[in-house]
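Participant: Sharing a structure with you now.
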């Protein structure tokens, strides 16, 4: 804790939702439901793809990667918040905060990178079907997935190191239910404009690059779809791409709004809602979005239920 203006911070205080017992229970129950839904949904997708040989294709290989990252991203944030609610505390250690920032900066960008690769996969499958087997071979897909994970580790290490090289003297209170970088920069006692610019601009450029690539890919995809002569062929192509587009829109829009808004010294209901939206809702909704219109996933689930 701090005893003077520049005493090193050894722990932080996260945002407490309420001192009222009823609201604490509501917070715990809501977070538990969302967490279990995300965990069960993504584990189910991983299990179905692993057990059904018909789903051992490259598209579902990337979907397994996405589900693993979704489990990781929500597990980095929610369990600590729930534990604090149960123990009626707001504390998180300095090392715990560093770990949380590293994991968030790893899982969410890796998630976006995998979504970008999935967009490229759909682009090759629809716009250049004759070259699909050559371009999207197993070796190339493993290399792309490994690159996405490695780039996310590097991004996380750079951003985490850049954030925690700063001294925290103004306060140790983080107005967020997890260690969020804009809030950490706000309580630093050094001039943070340069550091904040580096963190936000670097991350924003990477995210914007991925989103622009996905956007351009889908312009070409839908242009190609309009040229498909049969209505059934057009419907199949759109139904394959639509879940992916919804997931990208959900993650991209909530994340950009949350990180581009001005950091406030006092928490608001809007800030909290945006943080929940971009950190918890995509991992929970992704399995639903990818499964609800996917006949192969439904068939695999039905086979699993009948087998049991």
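Including glycine, each Cβ sits where the backbone N, Cα and C put it.
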Participant: Examine the ranges 6-28, 98-120 and name the one recorded by TrEMBL as transmembrane segment.
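Facilitator: Going through 6-28, 98-120 one by one, TrEMBL flags 98-120 as transmembrane segment.
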Participant: Given a Cβ distance threshold of under 8 angstroms, which distant residues of the chain, six or more beyond its ends, lie next to the transmembrane segment (140-158)?
Facilitator: 58, 61-62, 65, 102-103, 105-107, 109-110, 113-114, 116-117, 120-121, 202-203, 206
Participant: Report, as numbers and ranges, which residues of the same chain sit near the transmembrane segment (32-51): CB under 8 Å and 6 or more residues beyond its ends.
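Facilitator: Same-chain contacts beyond the flanks: 60, 63-64, 67-68, 70-71, 74-75, 78-79, 82, 280-281, 283-284, 286-288, 290-291, 297, 300-301, 304.
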Participant: Cβ under 8 Å, sequence separation of at least 6 from the ends of the transmembrane segment (58-78): give me the contacting residues as numbers and ranges.
Facilitator: 31, 34-35, 38-39, 42-43, 45-46, 49-50, 100, 103-104, 106-108, 110-111, 114-115, 117-118, 121, 125, 136, 138, 141, 145, 148, 177-178, 279-280, 282-284, 286-287, 290, 296
